[in-house]
Amino acid sequence: MEANGAVLPEAWSQVRAPVIVPVLRLAVAVCLTMSVLLFLERMYMAVVIAGVKLLRRRPERRYKCDPLPDDDPELGTSAFPVVLVQIPMFNEREVYQLSIGAVCGLSWPSDRLVVQVLDDSTDPVIKEMVRMECERWAHKGVNITYQIRENRKGYKAGALKEGMKHGYVRECEYVAIFDADFQPDPDFLRRTIPFLVHNSDIALVQARWRFVNADECLMTRMQEMSLDYHFTVEQEVSSSVCAFFGFNGTAGVWRISAVNEAGGWKDRTTVEDMDLAIRASLKGWKFVYLGDVQVKSELPSTFKAFRFQQHRWSCGPANLFRKMLMEIVRNKKVTIWKKIHVIYNFFLIRKIIAHIVTFTFYCLIIPATIFVPEVRIPKWGCVYIPTIITLLNSVGTPRSFHLLFFWILFENVMSLHRTKATLIGLLEAGRANEWVVTEKLGNALKMKSSSKSSAKKSFMRVWDRLNVTELGVAAFLFSCGWYDLAFGKDHFFIYLFFQGAAFFIVGIGYVGTIVPQS
(Lines of atoms letter the chains of each structure in order from A; the text may use other names.)
(Lines give C-alpha, C1' and ligand atoms only; values in the text may rest on other atoms or scores of the structure.)
Protein backbone atom coordinates (compact mmCIF):
# COMPACT_ATOMS: atom_id res chain seq x y z
CA MET A 1 0.00 0.00 0.00
CA GLU A 2 2.83 2.41 0.87
CA ALA A 3 4.55 1.64 -2.42
CA ASN A 4 1.36 2.28 -4.34
CA GLY A 5 0.76 5.51 -2.40
CA ALA A 6 4.18 6.79 -3.43
CA VAL A 7 3.54 6.26 -7.15
CA LEU A 8 1.47 9.43 -7.71
CA PRO A 9 3.86 11.86 -5.94
CA GLU A 10 6.79 10.32 -7.79
CA ALA A 11 5.03 10.55 -11.17
CA TRP A 12 4.06 14.16 -10.43
CA SER A 13 7.67 15.08 -9.59
CA GLN A 14 8.90 13.49 -12.83
CA VAL A 15 6.54 15.40 -15.15
CA ARG A 16 6.38 18.62 -13.14
CA ALA A 17 9.68 20.25 -14.11
CA PRO A 18 9.98 19.16 -17.76
CA VAL A 19 6.27 19.39 -18.72
CA ILE A 20 3.93 21.11 -16.26
CA VAL A 21 6.09 24.12 -15.40
CA PRO A 22 6.90 25.18 -19.03
CA VAL A 23 3.30 24.68 -20.15
CA LEU A 24 1.93 26.65 -17.22
CA ARG A 25 4.48 29.44 -17.74
CA LEU A 26 3.45 29.66 -21.40
CA ALA A 27 -0.23 29.79 -20.39
CA VAL A 28 0.50 32.57 -17.90
CA ALA A 29 2.42 34.55 -20.53
CA VAL A 30 -0.43 34.21 -23.04
CA CYS A 31 -3.04 35.22 -20.46
CA LEU A 32 -0.98 38.19 -19.29
CA THR A 33 -0.64 39.32 -22.91
CA MET A 34 -4.40 39.08 -23.42
CA SER A 35 -4.98 40.92 -20.14
CA VAL A 36 -2.74 43.78 -21.26
CA LEU A 37 -4.56 44.01 -24.60
CA LEU A 38 -7.90 44.10 -22.81
CA PHE A 39 -6.57 46.70 -20.36
CA LEU A 40 -5.33 48.94 -23.19
CA GLU A 41 -8.70 48.66 -24.93
CA ARG A 42 -10.52 49.69 -21.75
CA MET A 43 -8.14 52.60 -21.20
CA TYR A 44 -8.56 53.71 -24.81
CA MET A 45 -12.34 53.74 -24.44
CA ALA A 46 -12.08 55.57 -21.12
CA VAL A 47 -9.99 58.32 -22.73
CA VAL A 48 -12.34 58.61 -25.72
CA ILE A 49 -15.52 58.72 -23.64
CA ALA A 50 -13.95 61.37 -21.39
CA GLY A 51 -13.13 63.43 -24.47
CA VAL A 52 -16.64 62.99 -25.85
CA LYS A 53 -18.15 64.24 -22.60
CA LEU A 54 -15.71 67.12 -22.12
CA LEU A 55 -15.93 68.33 -25.72
CA ARG A 56 -19.69 67.69 -25.78
CA ARG A 57 -19.53 65.74 -29.02
CA ARG A 58 -23.19 64.83 -28.83
CA PRO A 59 -24.85 63.41 -31.97
CA GLU A 60 -27.01 66.54 -32.17
CA ARG A 61 -23.84 68.60 -32.64
CA ARG A 62 -22.23 66.24 -35.18
CA TYR A 63 -25.26 65.68 -37.39
CA LYS A 64 -28.20 67.72 -38.59
CA CYS A 65 -31.37 66.58 -36.82
CA ASP A 66 -33.94 69.37 -37.08
CA PRO A 67 -37.46 68.24 -36.09
CA LEU A 68 -39.77 67.41 -38.97
CA PRO A 69 -42.40 70.12 -39.62
CA ASP A 70 -45.82 69.05 -38.40
CA ASP A 71 -47.57 72.40 -38.65
CA ASP A 72 -47.16 73.07 -42.37
CA PRO A 73 -50.71 73.21 -43.88
CA GLU A 74 -49.36 72.81 -47.44
CA LEU A 75 -47.25 69.72 -46.84
CA GLY A 76 -49.50 68.16 -44.22
CA THR A 77 -48.37 64.68 -43.27
CA SER A 78 -46.34 64.30 -46.48
CA ALA A 79 -43.44 65.96 -44.63
CA PHE A 80 -43.16 62.73 -42.67
CA PRO A 81 -41.61 59.68 -44.34
CA VAL A 82 -43.47 56.39 -44.31
CA VAL A 83 -42.04 54.23 -41.54
CA LEU A 84 -42.39 50.47 -41.16
CA VAL A 85 -42.27 49.09 -37.61
CA GLN A 86 -41.56 45.37 -37.21
CA ILE A 87 -42.26 43.42 -34.02
CA PRO A 88 -40.90 39.85 -34.29
CA MET A 89 -42.20 37.50 -31.62
CA PHE A 90 -42.32 33.84 -30.65
CA ASN A 91 -44.76 32.54 -28.02
CA GLU A 92 -44.66 35.86 -26.16
CA ARG A 93 -47.74 35.32 -23.99
CA GLU A 94 -46.58 37.59 -21.18
CA VAL A 95 -45.37 40.65 -23.11
CA TYR A 96 -47.00 40.81 -26.55
CA GLN A 97 -49.55 43.41 -25.45
CA LEU A 98 -46.83 45.69 -24.06
CA SER A 99 -44.84 45.99 -27.29
CA ILE A 100 -47.85 46.16 -29.62
CA GLY A 101 -49.52 48.78 -27.43
CA ALA A 102 -46.35 50.90 -27.19
CA VAL A 103 -45.71 50.78 -30.95
CA CYS A 104 -49.32 51.60 -31.79
CA GLY A 105 -49.02 54.60 -29.46
CA LEU A 106 -46.08 56.13 -31.33
CA SER A 107 -46.53 59.82 -32.11
CA TRP A 108 -46.46 59.66 -35.90
CA PRO A 109 -49.11 60.40 -38.58
CA SER A 110 -51.28 57.30 -38.87
CA ASP A 111 -51.17 57.36 -42.67
CA ARG A 112 -47.33 57.35 -42.57
CA LEU A 113 -46.94 54.41 -40.18
CA VAL A 114 -47.15 50.71 -40.96
CA VAL A 115 -46.90 48.18 -38.12
CA GLN A 116 -45.98 44.55 -38.78
CA VAL A 117 -46.39 41.91 -36.09
CA LEU A 118 -44.24 38.98 -37.27
CA ASP A 119 -45.54 36.08 -35.23
CA ASP A 120 -43.59 32.81 -35.37
CA SER A 121 -45.46 31.37 -32.38
CA THR A 122 -46.02 27.62 -32.32
CA ASP A 123 -48.70 27.77 -29.62
CA PRO A 124 -52.10 28.20 -31.37
CA VAL A 125 -53.62 29.82 -28.29
CA ILE A 126 -50.93 32.51 -28.18
CA LYS A 127 -51.18 33.04 -31.94
CA GLU A 128 -54.89 33.71 -31.61
CA MET A 129 -54.30 36.10 -28.70
CA VAL A 130 -51.75 38.08 -30.72
CA ARG A 131 -54.00 38.14 -33.80
CA MET A 132 -56.93 39.47 -31.76
CA GLU A 133 -54.71 42.16 -30.23
CA CYS A 134 -53.71 43.28 -33.72
CA GLU A 135 -57.36 43.39 -34.77
CA ARG A 136 -58.20 45.45 -31.70
CA TRP A 137 -55.66 48.12 -32.67
CA ALA A 138 -56.70 47.96 -36.32
CA HIS A 139 -60.26 48.86 -35.28
CA LYS A 140 -58.79 51.94 -33.59
CA GLY A 141 -57.38 53.14 -36.90
CA VAL A 142 -53.80 51.84 -36.67
CA ASN A 143 -52.34 50.44 -39.89
CA ILE A 144 -51.26 47.13 -38.35
CA THR A 145 -50.86 43.76 -40.05
CA TYR A 146 -50.51 40.32 -38.49
CA GLN A 147 -48.00 38.14 -40.38
CA ILE A 148 -47.29 34.44 -39.91
CA ARG A 149 -45.09 31.93 -41.74
CA GLU A 150 -45.41 28.24 -42.51
CA ASN A 151 -42.10 27.50 -40.75
CA ARG A 152 -39.48 29.20 -38.56
CA LYS A 153 -36.68 28.99 -41.11
CA GLY A 154 -33.99 31.51 -40.24
CA TYR A 155 -35.64 32.31 -36.89
CA LYS A 156 -35.72 36.08 -36.29
CA ALA A 157 -33.72 36.91 -39.44
CA GLY A 158 -36.10 34.79 -41.50
CA ALA A 159 -39.14 36.54 -40.03
CA LEU A 160 -37.72 40.02 -40.66
CA LYS A 161 -36.68 39.07 -44.19
CA GLU A 162 -40.13 37.66 -44.94
CA GLY A 163 -41.77 40.81 -43.62
CA MET A 164 -39.78 42.95 -46.05
CA LYS A 165 -41.16 41.06 -49.07
CA HIS A 166 -44.68 42.53 -48.91
CA GLY A 167 -45.60 45.02 -51.61
CA TYR A 168 -46.58 47.84 -49.26
CA VAL A 169 -43.05 47.88 -47.82
CA ARG A 170 -41.83 49.49 -51.06
CA GLU A 171 -43.56 52.69 -49.96
CA CYS A 172 -41.59 52.77 -46.69
CA GLU A 173 -38.25 54.55 -46.37
CA TYR A 174 -37.26 53.38 -42.90
CA VAL A 175 -37.87 50.38 -40.68
CA ALA A 176 -37.86 50.38 -36.87
CA ILE A 177 -37.46 47.08 -35.05
CA PHE A 178 -38.62 46.23 -31.53
CA ASP A 179 -38.45 42.85 -29.82
CA ALA A 180 -41.58 41.69 -28.05
CA ASP A 181 -40.56 43.02 -24.62
CA PHE A 182 -39.53 46.49 -25.82
CA GLN A 183 -41.74 49.50 -25.19
CA PRO A 184 -40.70 52.69 -27.04
CA ASP A 185 -41.89 56.07 -25.78
CA PRO A 186 -44.37 57.93 -28.00
CA ASP A 187 -41.70 60.36 -29.25
CA PHE A 188 -39.24 57.63 -30.31
CA LEU A 189 -39.63 58.14 -34.07
CA ARG A 190 -39.67 61.94 -33.78
CA ARG A 191 -36.27 61.80 -32.03
CA THR A 192 -34.60 59.23 -34.30
CA ILE A 193 -35.99 59.65 -37.84
CA PRO A 194 -34.65 63.24 -38.30
CA PHE A 195 -31.07 61.90 -38.21
CA LEU A 196 -31.89 59.67 -41.18
CA VAL A 197 -33.92 62.27 -43.07
CA HIS A 198 -31.29 65.03 -42.87
CA ASN A 199 -28.16 62.85 -43.30
CA SER A 200 -28.20 60.68 -46.39
CA ASP A 201 -25.07 58.76 -45.35
CA ILE A 202 -26.56 57.41 -42.11
CA ALA A 203 -28.04 53.91 -42.27
CA LEU A 204 -28.84 53.16 -38.63
CA VAL A 205 -29.93 55.03 -35.53
CA GLN A 206 -29.62 52.94 -32.37
CA ALA A 207 -31.29 53.82 -29.06
CA ARG A 208 -30.30 52.71 -25.57
CA TRP A 209 -32.05 49.98 -23.58
CA ARG A 210 -33.60 50.80 -20.21
CA PHE A 211 -34.47 47.88 -17.95
CA VAL A 212 -37.80 47.75 -16.17
CA ASN A 213 -36.86 44.79 -13.95
CA ALA A 214 -33.25 45.64 -13.05
CA ASP A 215 -34.11 45.55 -9.34
CA GLU A 216 -35.91 42.21 -9.48
CA CYS A 217 -32.97 40.21 -8.13
CA LEU A 218 -29.20 40.35 -7.78
CA MET A 219 -28.70 38.62 -11.12
CA THR A 220 -30.63 41.32 -12.99
CA ARG A 221 -28.57 43.99 -11.23
CA MET A 222 -25.41 42.25 -12.47
CA GLN A 223 -26.76 42.22 -16.01
CA GLU A 224 -27.64 45.89 -15.78
CA MET A 225 -24.06 46.71 -14.82
CA SER A 226 -22.61 44.87 -17.82
CA LEU A 227 -25.12 46.20 -20.34
CA ASP A 228 -24.96 49.77 -19.05
CA TYR A 229 -21.20 49.75 -19.68
CA HIS A 230 -21.84 48.43 -23.18
CA PHE A 231 -24.25 51.25 -23.98
CA THR A 232 -22.63 54.06 -22.00
CA VAL A 233 -19.08 53.41 -23.17
CA GLU A 234 -18.68 50.86 -25.97
CA GLN A 235 -21.53 52.04 -28.20
CA GLU A 236 -20.84 55.71 -27.51
CA VAL A 237 -17.13 55.37 -28.30
CA SER A 238 -17.68 53.40 -31.50
CA SER A 239 -20.33 55.84 -32.70
CA SER A 240 -18.12 58.86 -32.00
CA VAL A 241 -14.84 57.50 -33.38
CA CYS A 242 -15.78 55.68 -36.58
CA ALA A 243 -19.60 55.85 -36.86
CA PHE A 244 -19.77 52.05 -36.54
CA PHE A 245 -21.03 49.70 -33.85
CA GLY A 246 -22.96 46.47 -33.64
CA PHE A 247 -26.71 46.83 -34.09
CA ASN A 248 -28.36 45.58 -30.90
CA GLY A 249 -31.14 43.84 -32.82
CA THR A 250 -33.91 46.01 -31.43
CA ALA A 251 -34.72 49.62 -30.48
CA GLY A 252 -33.15 50.87 -33.70
CA VAL A 253 -34.21 52.40 -37.03
CA TRP A 254 -32.70 51.35 -40.37
CA ARG A 255 -32.73 53.06 -43.75
CA ILE A 256 -34.37 50.39 -45.92
CA SER A 257 -32.21 51.21 -48.95
CA ALA A 258 -29.11 50.55 -46.82
CA VAL A 259 -30.51 47.21 -45.67
CA ASN A 260 -31.15 46.21 -49.27
CA GLU A 261 -27.74 47.39 -50.46
CA ALA A 262 -26.04 45.35 -47.72
CA GLY A 263 -27.83 42.21 -48.86
CA GLY A 264 -30.75 42.15 -46.43
CA TRP A 265 -31.18 39.85 -43.46
CA LYS A 266 -29.10 36.66 -43.39
CA ASP A 267 -29.52 33.69 -41.07
CA ARG A 268 -26.02 32.22 -41.33
CA THR A 269 -25.34 32.98 -37.64
CA THR A 270 -27.40 33.65 -34.51
CA VAL A 271 -26.42 37.36 -34.60
CA GLU A 272 -28.26 38.50 -37.71
CA ASP A 273 -28.26 42.05 -36.34
CA MET A 274 -24.46 42.24 -36.09
CA ASP A 275 -24.11 40.55 -39.47
CA LEU A 276 -26.24 43.20 -41.18
CA ALA A 277 -24.47 46.04 -39.36
CA ILE A 278 -21.01 44.91 -40.49
CA ARG A 279 -22.10 44.38 -44.09
CA ALA A 280 -23.73 47.82 -44.19
CA SER A 281 -20.63 49.39 -42.64
CA LEU A 282 -18.42 47.77 -45.28
CA LYS A 283 -20.61 49.47 -47.89
CA GLY A 284 -19.62 52.83 -46.39
CA TRP A 285 -22.76 53.57 -44.36
CA LYS A 286 -22.57 55.39 -41.02
CA PHE A 287 -24.34 54.61 -37.74
CA VAL A 288 -25.45 56.92 -34.92
CA TYR A 289 -26.00 55.94 -31.31
CA LEU A 290 -28.42 58.06 -29.25
CA GLY A 291 -27.82 57.44 -25.56
CA ASP A 292 -30.51 59.92 -24.56
CA VAL A 293 -33.23 57.96 -26.36
CA GLN A 294 -34.06 55.04 -24.09
CA VAL A 295 -36.46 52.16 -24.69
CA LYS A 296 -37.88 50.10 -21.86
CA SER A 297 -37.11 46.39 -21.99
CA GLU A 298 -36.87 43.31 -19.78
CA LEU A 299 -33.78 41.46 -18.55
CA PRO A 300 -33.84 37.66 -18.27
CA SER A 301 -34.54 36.95 -14.62
CA THR A 302 -34.06 33.17 -14.64
CA PHE A 303 -30.57 31.72 -14.89
CA LYS A 304 -31.59 29.26 -17.61
CA ALA A 305 -32.89 32.06 -19.85
CA PHE A 306 -29.82 34.20 -19.17
CA ARG A 307 -27.45 31.31 -19.91
CA PHE A 308 -29.08 30.60 -23.28
CA GLN A 309 -28.99 34.30 -24.14
CA GLN A 310 -25.29 34.57 -23.29
CA HIS A 311 -24.53 31.48 -25.36
CA ARG A 312 -26.15 33.12 -28.39
CA TRP A 313 -24.49 36.49 -27.75
CA SER A 314 -21.03 34.90 -27.37
CA CYS A 315 -21.18 32.13 -29.95
CA GLY A 316 -22.74 34.25 -32.71
CA PRO A 317 -20.08 37.00 -32.89
CA ALA A 318 -17.24 34.44 -32.84
CA ASN A 319 -18.90 32.47 -35.63
CA LEU A 320 -19.52 35.65 -37.62
CA PHE A 321 -15.85 36.64 -37.18
CA ARG A 322 -14.83 33.30 -38.64
CA LYS A 323 -17.10 33.82 -41.66
CA MET A 324 -16.43 37.51 -42.35
CA LEU A 325 -12.73 37.98 -41.54
CA MET A 326 -11.47 37.72 -45.12
CA GLU A 327 -14.44 39.70 -46.45
CA ILE A 328 -13.47 42.55 -44.12
CA VAL A 329 -9.79 42.31 -45.08
CA ARG A 330 -10.52 42.39 -48.83
CA ASN A 331 -13.04 45.24 -48.64
CA LYS A 332 -11.95 48.35 -50.57
CA LYS A 333 -14.73 50.79 -49.65
CA VAL A 334 -13.63 51.54 -46.09
CA THR A 335 -10.35 52.82 -44.65
CA ILE A 336 -7.68 50.61 -43.15
CA TRP A 337 -8.38 52.18 -39.75
CA LYS A 338 -12.01 51.12 -39.88
CA LYS A 339 -10.94 47.59 -40.79
CA ILE A 340 -8.57 47.53 -37.82
CA HIS A 341 -11.34 48.79 -35.54
CA VAL A 342 -13.77 46.11 -36.71
CA ILE A 343 -11.29 43.22 -36.64
CA TYR A 344 -9.21 44.13 -33.59
CA ASN A 345 -11.33 46.30 -31.29
CA PHE A 346 -14.81 45.07 -32.12
CA PHE A 347 -14.24 41.36 -32.71
CA LEU A 348 -10.88 40.19 -31.36
CA ILE A 349 -10.76 42.13 -28.07
CA ARG A 350 -14.41 42.59 -27.09
CA LYS A 351 -15.97 39.41 -28.51
CA ILE A 352 -13.21 36.83 -28.15
CA ILE A 353 -10.30 37.75 -25.86
CA ALA A 354 -12.50 39.37 -23.18
CA HIS A 355 -14.43 36.11 -22.73
CA ILE A 356 -11.54 33.67 -22.99
CA VAL A 357 -9.06 35.45 -20.71
CA THR A 358 -11.63 35.96 -17.95
CA PHE A 359 -12.29 32.26 -17.49
CA THR A 360 -8.95 30.71 -18.40
CA PHE A 361 -6.81 33.14 -16.39
CA TYR A 362 -8.90 33.83 -13.28
CA CYS A 363 -10.66 30.47 -12.96
CA LEU A 364 -8.07 28.00 -14.29
CA ILE A 365 -4.51 29.32 -14.64
CA ILE A 366 -4.23 31.34 -11.41
CA PRO A 367 -5.70 28.49 -9.30
CA ALA A 368 -3.43 25.97 -11.05
CA THR A 369 -0.29 27.92 -10.11
CA ILE A 370 -1.12 27.18 -6.47
CA PHE A 371 0.19 23.64 -7.05
CA VAL A 372 3.26 24.81 -8.98
CA PRO A 373 5.05 27.50 -6.91
CA GLU A 374 7.84 27.73 -9.51
CA VAL A 375 5.36 29.62 -11.72
CA ARG A 376 4.87 33.12 -10.38
CA ILE A 377 2.26 35.62 -11.58
CA PRO A 378 3.29 39.28 -11.24
CA LYS A 379 1.05 41.32 -8.98
CA TRP A 380 0.31 43.79 -11.77
CA GLY A 381 -1.20 40.95 -13.79
CA CYS A 382 -3.41 39.36 -11.16
CA VAL A 383 -4.29 42.41 -9.04
CA TYR A 384 -3.68 45.82 -10.58
CA ILE A 385 -4.91 45.27 -14.15
CA PRO A 386 -8.15 43.45 -13.22
CA THR A 387 -8.84 46.04 -10.52
CA ILE A 388 -8.53 48.94 -12.97
CA ILE A 389 -10.63 47.14 -15.59
CA THR A 390 -13.32 46.49 -12.99
CA LEU A 391 -13.37 50.12 -11.85
CA LEU A 392 -13.65 51.30 -15.46
CA ASN A 393 -16.59 48.94 -15.99
CA SER A 394 -18.40 50.50 -13.05
CA VAL A 395 -18.85 53.90 -14.72
CA GLY A 396 -21.93 52.68 -16.57
CA THR A 397 -23.97 52.09 -13.43
CA PRO A 398 -22.78 54.30 -10.54
CA ARG A 399 -25.74 53.27 -8.37
CA SER A 400 -24.39 49.70 -8.30
CA PHE A 401 -20.80 50.54 -7.35
CA HIS A 402 -21.24 48.78 -4.00
CA LEU A 403 -22.05 45.57 -5.89
CA LEU A 404 -18.76 45.44 -7.80
CA PHE A 405 -17.44 42.55 -5.73
CA PHE A 406 -20.49 40.40 -6.52
CA TRP A 407 -20.36 41.50 -10.16
CA ILE A 408 -16.77 40.24 -10.47
CA LEU A 409 -17.67 36.83 -9.06
CA PHE A 410 -20.78 36.52 -11.22
CA GLU A 411 -18.98 37.62 -14.42
CA ASN A 412 -16.28 35.03 -13.77
CA VAL A 413 -18.95 32.35 -13.44
CA MET A 414 -20.63 33.43 -16.67
CA SER A 415 -17.26 33.53 -18.42
CA LEU A 416 -17.35 29.73 -18.29
CA HIS A 417 -20.37 29.69 -20.61
CA ARG A 418 -19.14 32.59 -22.74
CA THR A 419 -15.75 30.95 -23.30
CA LYS A 420 -17.38 27.67 -24.25
CA ALA A 421 -19.78 29.45 -26.62
CA THR A 422 -16.95 31.51 -28.16
CA LEU A 423 -14.94 28.38 -28.92
CA ILE A 424 -18.02 26.68 -30.37
CA GLY A 425 -18.53 29.69 -32.64
CA LEU A 426 -14.88 29.85 -33.74
CA LEU A 427 -14.77 26.13 -34.47
CA GLU A 428 -18.36 26.13 -35.82
CA ALA A 429 -19.18 23.12 -33.66
CA GLY A 430 -22.55 21.49 -33.04
CA ARG A 431 -24.33 24.28 -31.12
CA ALA A 432 -23.01 27.13 -33.28
CA ASN A 433 -26.45 27.88 -34.73
CA GLU A 434 -28.53 27.03 -31.68
CA TRP A 435 -31.31 29.59 -31.19
CA VAL A 436 -33.34 29.59 -27.99
CA VAL A 437 -35.70 32.55 -27.58
CA THR A 438 -35.02 34.40 -24.31
CA GLU A 439 -37.92 33.82 -21.92
CA LYS A 440 -39.78 36.96 -20.85
CA LEU A 441 -41.89 36.90 -17.72
CA GLY A 442 -43.57 40.30 -17.88
CA ASN A 443 -46.09 40.54 -15.07
CA ALA A 444 -46.45 36.76 -14.82
CA LEU A 445 -43.83 36.45 -12.09
CA LYS A 446 -45.79 38.68 -9.72
CA MET A 447 -48.88 36.56 -10.26
CA LYS A 448 -47.06 33.28 -9.76
CA SER A 449 -45.09 34.37 -6.73
CA SER A 450 -48.32 34.97 -4.86
CA SER A 451 -49.16 31.29 -5.04
CA LYS A 452 -47.57 29.51 -2.08
CA SER A 453 -48.43 26.05 -3.38
CA SER A 454 -46.62 26.69 -6.64
CA ALA A 455 -43.64 28.09 -4.77
CA LYS A 456 -43.39 24.89 -2.75
CA LYS A 457 -43.38 22.80 -5.91
CA SER A 458 -40.42 24.75 -7.28
CA PHE A 459 -38.26 23.73 -4.34
CA MET A 460 -39.24 20.08 -4.75
CA ARG A 461 -37.46 19.85 -8.08
CA VAL A 462 -33.94 20.49 -6.78
CA TRP A 463 -32.27 18.19 -9.29
CA ASP A 464 -33.70 20.21 -12.18
CA ARG A 465 -31.78 23.26 -10.98
CA LEU A 466 -28.35 21.63 -10.60
CA ASN A 467 -25.58 22.80 -12.96
CA VAL A 468 -22.92 20.10 -12.89
CA THR A 469 -20.20 22.04 -14.72
CA GLU A 470 -20.35 24.91 -12.24
CA LEU A 471 -20.20 22.44 -9.34
CA GLY A 472 -17.10 20.87 -10.89
CA VAL A 473 -15.34 24.23 -11.18
CA ALA A 474 -16.39 25.04 -7.60
CA ALA A 475 -14.80 21.80 -6.36
CA PHE A 476 -11.58 22.64 -8.24
CA LEU A 477 -11.42 26.17 -6.80
CA PHE A 478 -12.16 24.98 -3.26
CA SER A 479 -9.39 22.37 -3.47
CA CYS A 480 -6.95 25.02 -4.73
CA GLY A 481 -8.04 27.33 -1.92
CA TRP A 482 -7.48 24.73 0.80
CA TYR A 483 -4.08 23.84 -0.64
CA ASP A 484 -3.06 27.52 -0.74
CA LEU A 485 -4.30 28.03 2.81
CA ALA A 486 -2.13 25.13 3.99
CA PHE A 487 1.02 25.63 1.89
CA GLY A 488 0.78 28.88 -0.06
CA LYS A 489 2.22 32.32 0.67
CA ASP A 490 0.28 34.67 -1.64
CA HIS A 491 -3.12 34.46 0.12
CA PHE A 492 -4.87 33.48 -3.11
CA PHE A 493 -7.19 31.34 -0.99
CA ILE A 494 -9.27 34.41 -0.10
CA TYR A 495 -10.23 34.95 -3.74
CA LEU A 496 -10.49 31.23 -4.45
CA PHE A 497 -12.95 30.57 -1.63
CA PHE A 498 -15.21 33.45 -2.68
CA GLN A 499 -15.07 32.50 -6.36
CA GLY A 500 -15.62 28.86 -5.51
CA ALA A 501 -18.65 29.83 -3.45
CA ALA A 502 -20.04 31.79 -6.42
CA PHE A 503 -19.69 28.76 -8.71
CA PHE A 504 -21.27 26.57 -6.04
CA ILE A 505 -24.29 28.85 -5.58
CA VAL A 506 -24.88 28.95 -9.32
CA GLY A 507 -24.24 25.20 -9.47
CA ILE A 508 -27.08 24.42 -7.07
CA GLY A 509 -29.40 26.80 -8.91
CA TYR A 510 -29.82 29.52 -6.31
CA VAL A 511 -29.31 32.44 -8.65
CA GLY A 512 -31.82 34.65 -10.41
CA THR A 513 -35.55 34.35 -9.95
CA ILE A 514 -36.89 30.88 -9.27
CA VAL A 515 -40.05 30.59 -11.33
CA PRO A 516 -42.64 28.36 -9.66
CA GLN A 517 -43.53 25.25 -11.60
CA SER A 518 -47.07 25.04 -12.90
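Yeah, the Cβs are placed from backbone N, Cα and C, and that goes for glycine too.
Look at TrEMBL and you will find 174-366 tagged as domain 'Glycosyltransferase 2-like'. Model confidence over the domain 'Glycosyltransferase 2-like' (174-366) stands at 95, taken as the mean pLDDT rounded to a whole number.
Beyond its flanks by at least six residues, the transmembrane segment (26-52) meets 232-234, 236-237, 240-241, 345, 349-350, 353-354, 356-357, 360-361, 365, 369, 375, 377-378, 381, 385-386, 388-389, 392-393, 395 of its own chain at Cβ-Cβ distances under 8 Å. Per TrEMBL, transmembrane segment is recorded for 26-52 (among others).
Among residues of the same chain six or more beyond the transmembrane segment (352-372), those with a C-beta under 8 A of the stretch's C-beta atoms are 16, 20-21, 24, 27-28, 31, 34-35, 37-38, 314, 317-318, 321, 382, 386, 411-412, 415-416, 418-419, 421-423, 426, 473, 476-477, 480, 483-484, 488, 492, 496, 499. The annotation transmembrane segment is assigned in TrEMBL to 352-372 (among others).
Taken from TrEMBL, the feature transmembrane segment applies to 384-410 (among others).
Summarising the annotation, TrEMBL assigns transmembrane segment to 466-486 (among others).
The transmembrane segment feature in TrEMBL is assigned to 492-515 (among others). Through the fold, the transmembrane segment (492-515) approaches residues 216-220, 300-303, 306, 362-363, 366-367, 370, 409-410, 412-413, 441, 445, 448, 458-459, 462, 464-471, 473-478, 480-482, 484-485 of its own chain, all at least 6 residues removed from its boundaries and within a Cβ separation under 8 Å.
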Residues of the parent chain within Cβ reach of the transmembrane segment (384-410), under 8 Å, 6 or more residues beyond its termini: 35-36, 38-39, 42-43, 45-46, 49, 218-219, 221-222, 224-233, 362, 498-499, 501-502, 511
